Amino acid sequence: MPRTLDGQITMEKTPSYFVTKEAPSRVCTMNCQTKLIVVVRDPVTRAVSDYTQTLSKNPGLPSFQSLALKNYTTGLIDTTWSAVRIGLYAKHLENWLLHFPLSHFLFVSGERLVSDPAGEMGRVQDFLGLKRVVSDKHFYFNQTKGFPCLKKPEGSSRPRCLGKSKGRPHPQIPSEVLQRLRDFYRPFNHRFYQMSGQDFGWE
């Protein structure tokens, strides 16, 4: 990480940090005062989105249900598949709380980041001790992508939107498979709500 001067904040993002067993101790070795922002979304939607992204790069991928379920008849979930394992937020957070207090974390709702981007960004700015600069006036909703985008910054020729890999339509997944996943994640979600002090309202 680059050196940070007084009055500066250095940020870095890597989605895999939250789910990598060795990451918390390594980050703490660097600086145990680090503030940590974790963006989470409904783990069932997250798993389907993960699969959709992988499918776009590898069209020969087996079906979602054959990867998510060890056995279709019993409905046993395969937690070795990374798309499923990543959504076990409570398990990952337990590992981080061995090294960092809960007060060092901000959990951002992926759903609210879409429905109220300025509100969630307000929480981020407060958490980092920054003046609230980013507000509603900085966003517009892109109908094609189904996501909010940043309006054109001064000196830029175009607005900033999420890349091509975001906002693509998801494949049809059998409803009973999605329900089985919801049932599987429910206790983990409730544990995560208790640990984080936030109810994300995932069904």
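Placement of Cβ uses the backbone N, Cα and C atoms for every residue, glycine included.
Where the annotation comes from TrEMBL, it is an automatic prediction and has not been curated.
Counting only residues at least six positions away in the same chain, the Cβ atoms of V48, S49, T52 sit under 8 Å from the Cβ of H170 (3'-phosphoadenylyl sulfate binding site). According to TrEMBL, the feature 3'-phosphoadenylyl sulfate binding site maps to R41, S49, K166, G167, R168, P169, H170.
Residues annotated as disulfide bond in TrEMBL: C149-C161.
Within the model, the domain 'Sulfotransferase' (30-186) shows a mean pLDDT value of 90, rounded to a whole number. As annotated by TrEMBL, domain 'Sulfotransferase' applies to 30-186.
What TrEMBL records for 153-172 is region 'Disordered'.
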- If you count the other CB atoms within 10 A of the CB of C161 (disulfide bond), including all protein chains displayed, you should get 16
- Message: On a C-alpha basis, identify the one among R41, R168, P169 that is nearest to C149 (disulfide bond); the candidates are the binding-site residues.
- Response: R168
- Rounded Cα-Cα span from C161 (disulfide bond) to P169 (3'-phosphoadenylyl sulfate binding site), Å: 17
- Query: Roughly how many angstrom lie between the C-alpha atoms of R41 (3'-phosphoadenylyl sulfate binding site) and C161 (disulfide bond)?
  - Reply: 19
- Item | Length of the line joining the Cα atoms of C161 (disulfide bond) and R168 (3'-phosphoadenylyl sulfate binding site), in Å | 13
